[in-house]
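Colleague: Below is the structure I would like to discuss, written out as structure tokens.
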Amino acid sequence: MRLSASTLFLLCCLLFSQCQGPTHAAKQSYVVYLGAHSHGPAVSSVDLNRVTQYHHEFLGSFLGSNENPEDAIFYSYTRHINGFAAKLDDAVAAEIAKHPKVVSVFLSKENKLHTTHSWEFLGLEQNGRIPPNSIWEKARYGEDVVIGNIDTGVWPESKSFSDEGFGPIPSKWKGICQNDKDSRFHCNRYFNQDYAVHKGPLNSSFYSPRDINGHGTHTLSTAGGNFVAGASVFGFGKGTAKGGSPKARVAAYKVCWEGLGGCYDCDIIAAFDMAIHDGVDVFTVENVAPWQIVVGASTMDRDFPNYVVLGNNKRFKKGTLDPKKVKGKILVCLDVNTSSVDKGLQAALAGAVGVVLINIQDFGYDRTADPHVLPASAISFNDAKPSPFMAAFSSKGPNHITPEILKHRIPFNSISGTSMSCPHISGIAGLLKTLHPDWSPAAIQSAIMTTATTLDNNKQQILNASFAEATPFSYGAGHVQPNLAMDPGLVYDLTVNDYLNFLCALGYNKNVISLFSTNCSYTCPKNAISLVNFNYPAITVPKLSGSITVTRRVKNVGSPGTYQARVKTPEGVSVTIAPKSLKFINVGEEKSFKVIIKAKNASVTKDYAFGELIWSDEKQHRVRSPIVVKAV
């Protein structure tokens, strides 16, 4: 049975395709997903041509005699993803969706784009020095793992991408430098066909993977940038910049064009299909499916505060300046709705000589550094403790598609958004893959989640942006701890059947599920599958009535040992673990256990309640899983 990484990526189409309906009569960009390919991962040009021809013939059977399928299809996904992107009438798309060989048809949508100290904050170095127990040392800085970035492209001349001291390119790499304009530019690939459908052809000298936005360069260097001394932010935070896997190989796939938008689904899928073919090991992909690591964003223990000092040498505090007369004055603004930079620009145009930005309650103590056009200061919390706390812009749970899957999972510091959180996790995943090349993606995900912490640097519970106590709906499994993730003790692993059972539990039939696997012998179990039993490193019961028994299995990836269960019980319920002790002798040994959750009639809460399960041994392994329960 074969279930590829591309299949896992596109399973999310099943979760969302029913929620996206056509809205216009004119032709629009649609993705038609057909499941797995009949050919294997090693493909020839004959295989690729055969798939393309099949896509043309398949679409042609739905079009009128006056329409050419070759004109309609602008991407044929031929390598690891089986499907195509085409300009279709809504009615034709609806008919295609009814075909038994079609897994999903969905409208292509536009997606928006969402350091020197952060790795020290995460424990990989101490005062600029790398201790011998750092995962950087243990994992050889992510040597030769390939990290792919699907974003705004890259500026390869950046010192972060210097390959000085690197060995030969890994033999598994099949990628190219796709560049028609500048032969001196060393880059990877770009995809803009769907952008052209929506916005028209690009008229730019940067018709290449070069990054004119900066977002892709930042995220790629955060995940896999080399060491660069003397980095700073506006003169603050001077130090050595580096990525999570500084010795990794990095690949850029440009799918985002013109400003902060222009990232369309069809282009993203084309990039993903090609990147798998090229040999990429780790991607940054954001969604809520259980086969992906979803991030949130938090602060860290460093800020760059500045102060407004009045003529009497007293520091300015919010509410004491009069903003009525702007010219020649300092304008005080509530920092809400529009960007901080735009507020400063408008203040400058109005004649202000400075601007003070004040957070509203919803944004609490969040502040980030911005490049203002006039002197600017932010009224916020002016110390670095407690940290981290959950950023106000970080989206929250519960997961409305599959509430049994906890969202978020792993947050950590972000400069300005969760899109900066993702490359941190990508860099850490690259280190873990280098250190444990035999671990599955699920095992890597489990190691990151179960070793995370819910405490800040004051050893107190992580708070939200308003300094109220945060919950797993904000911080997920907790704040990532890379050095602990390399030796988690136990992991919650997943098999191909686990993923297929997940689809059964969502209600998909055998015909649809068979399109994901070349093994036609799989059938959904006769007994109904509960999503709460998906072998995930968190336990979420969104509709508890009476009692429920949840099953999990863990795999030993460390030394022999005996693990004892300890539970922090959610309010209004009782939790029993059976058995309470698990003994492991060999690496790879698996054992199952049950979690029995029962509502207490007298004290049950109608809101979500939170707890945790920790398996610990005598060697200081702590395998922690959140417990989230809501009674009905």
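Every residue, even glycine, has its Cβ placed from backbone N, Cα and C.
The active site, charge relay system annotation in TrEMBL covers D151, H215, S419. Per TrEMBL, domain 'Inhibitor I9' is recorded for 29-114. Taken from TrEMBL, the feature domain 'Peptidase S8/S53' covers 142-459. Under the heading domain 'PA', TrEMBL lists 322-385. The annotation domain 'Subtilisin-like protease fibronectin type-III' is assigned in TrEMBL to 533-629. What TrEMBL records for 1-25 is signal peptide.
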Colleague: Return the residue, from the listed active-site residues D151, H215, with the maximum count of other C-beta atoms within 10 angstroms of its C-beta.
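Modeller: When each Cβ's neighbours within 10 Å are tallied, D151 leads.
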Colleague: In three-state terms from DSSP, label H215 (active site, charge relay system) for me.
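Modeller: It is helical.
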Colleague: Hey, how far is D151 (active site, charge relay system) from H215 (active site, charge relay system), Cα to Cα, in Å?
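Modeller: Per the Cα atoms, D151 (active site, charge relay system) and H215 (active site, charge relay system) stand 7 Å apart.
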Colleague: What three-state secondary structure does DSSP assign to D151 (active site, charge relay system)?
Modeller: strand
Colleague: Sort the residues of the domain 'Inhibitor I9' (29-114) into helix, strand and coil with DSSP and give the three counts.
Modeller: 28 helix, 22 strand, 36 coil
